[in-house]
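Asks: So TrEMBL says this about it:
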- 55-484: domain 'Major facilitator superfamily (MFS) profile' (DOMAIN)
- 51-80: transmembrane segment (TRANSMEM)
- 92-110: transmembrane segment (TRANSMEM)
- 122-140: transmembrane segment (TRANSMEM)
- 146-167: transmembrane segment (TRANSMEM)
- 179-202: transmembrane segment (TRANSMEM)
- 208-229: transmembrane segment (TRANSMEM)
- 296-319: transmembrane segment (TRANSMEM)
- 334-355: transmembrane segment (TRANSMEM)
- 362-384: transmembrane segment (TRANSMEM)
- 390-416: transmembrane segment (TRANSMEM)
- 428-449: transmembrane segment (TRANSMEM)
- 461-480: transmembrane segment (TRANSMEM)
Amino acid sequence: MQVDVSNEEIVNTSMEYSQLDYGDRIQELESQTSGKKSIVLLSLFPKPQYVLYYLGLFICVGGFIYGLNVSLISGALLFLKTDMNLDTPQESLVSSGMSLGGIGGALLAIPCNEYLGRKHSILIACLFYTIGAILEASSQSYGEMVAGRVILGMGVALGTMTIPIYASECFPKSKRGAIVSLYTVMIMLGILSGYIVSAIFLHVVGTWRYILGSSLVFSSLLMLGVLFFPESPRWLMRKDALLNAYITWKGLRGLDRVEEREEFLMMEKVCHTEKEASKGRWIWLDFYRIPYCRKACIHGVLLMFFQQFSGTNSILYFLGSMYRKAGLSVHDSIYISMIGGGTLFLSSIPAIYMVDRYGRRPLLLILTPGVIIGLIFIGCSFFSCCTQSLVAIYTVGVVLFYIFWGSSLGPVPFVMNAELYPNYLRSYGMSLGILSNFIGNWITSYAFLEMTRAMTKPGTFIGFYGGITAIGWFYFLLLVPETKNLSLEEIKDILDRPWKDILLQNVQRMASIVSFQQ
């Protein structure tokens, strides 16, 4: 028996609800929820859009914390190497420790999201943020520092997986891509802020302790804000809390528009059917057994793989160190690192608009070649014969890389991973995507210094990262479907098609664009 809902059943469900008297069903739910108290946050705001503004604000804080912790280590490493007498393998493990912890955090995210819900998973992530930052800032040895980095990484992975899912389940489909892209933009702002924080504490005694401990301010703020979050209505529906799901949906989305009523009733039917069909089964096997789930898993993992193996974290984590090795002073290395961080932040802002205006796939196809050009510049910089030209060409390469990466490989994998999977597999599927993200993150950051020795710096950036990104572009061109303006249930219909149909459709689109231009 197939666990998931078939295409025909989805279509029939849609037809059934399109012929329903929505007023009768809504009136029935209203009568059942009459007298029930609403969540404090939902009762504080007179309109659903204000609740979404509140959620969006703290979703942004969650992204900011992730980015901040990514780049803080770049400046801290310049001082840690001397204070703790780190050798090359130890430096690599300290820089990649957060990614290593992220692997464990992605695995932990599965039971947390499935059994505790989205809200409590984010709260647990905040606890990991706080404990990890305290350990980092108070470390007296190399071992303590690695432990702090690993615990921090667990929180980062748990938050990175849960927050986009929560956003996609609470916000309307017309805003879903934008809010997840905004989350990604805030990651980029956090990255820029990490370099700024390093510069602020540059002349303070105990520099790296203040740098690494600065994230405590924002993790505490996020924890306070999340305490007032409502639970995801889709998760509540999956747990047979229909009335609570209705109250939450009404507070988040309102029921004035037909589209909102239709989506709620569709969600009710689909969640019920999926839950009944999955009783007593190992639903993990659906990633292999059901073609739609298998395709969603493949796309989710590959999108994260190509994001990480574009070399972004090798550049971010070692940006200050690379400038230092090029001959710049510690102070100049930190200051010039802000150029790359600022470019990444500014280039990610257009994605908020473009991801829902032009779609996910066009951004990948148009902008990814620019990422490759940036990698070529970075690799060629090491052929320079003097420090000034090396730093100039390297900086131009970093700027080019992030101009194009910030609105393509940065946000799109997160957006698509949050919307590809059916409701009953979403926490599992997103965990696989985030797990592959942090595995790639750890591999590329931990092995980076050794890779540059074995393959040379030009070989690493141009041959390895550039080659993998070029392969990714062909994958985007031929096999990645478009999911713009589709409900989470409509995306299933696309992925139910055979691979050859998706390939043919993409080729036809490409041919029509070429013929139109001619």
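Placement of Cβ uses the backbone N, Cα and C atoms for every residue, glycine included.
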Asks: Hey, which of 92-110, 208-229, 428-449 has the most Cβ-Cβ pairs under 8 Å against the transmembrane segment (146-167)?
Replies: 92-110
Asks: The transmembrane segment (428-449): which same-chain residues, six or more beyond its ends, come within Cβ distance under 8 Å?
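Replies: That would be 88, 91-93, 95-96, 99-100, 102-103, 105-107, 109-110, 113-114, 153, 157, 160-161, 164-165, 283-284, 287, 293, 296-297, 300-301, 303-305, 307-309, 311, 313-314, 317-318, 413, 417-418, 420-421, 460.
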Asks: For the domain 'Major facilitator superfamily (MFS) profile' (55-484), what's the mean pLDDT in this predicted model?
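Replies: Summarising the domain 'Major facilitator superfamily (MFS) profile' (55-484) by its mean pLDDT gives 88.
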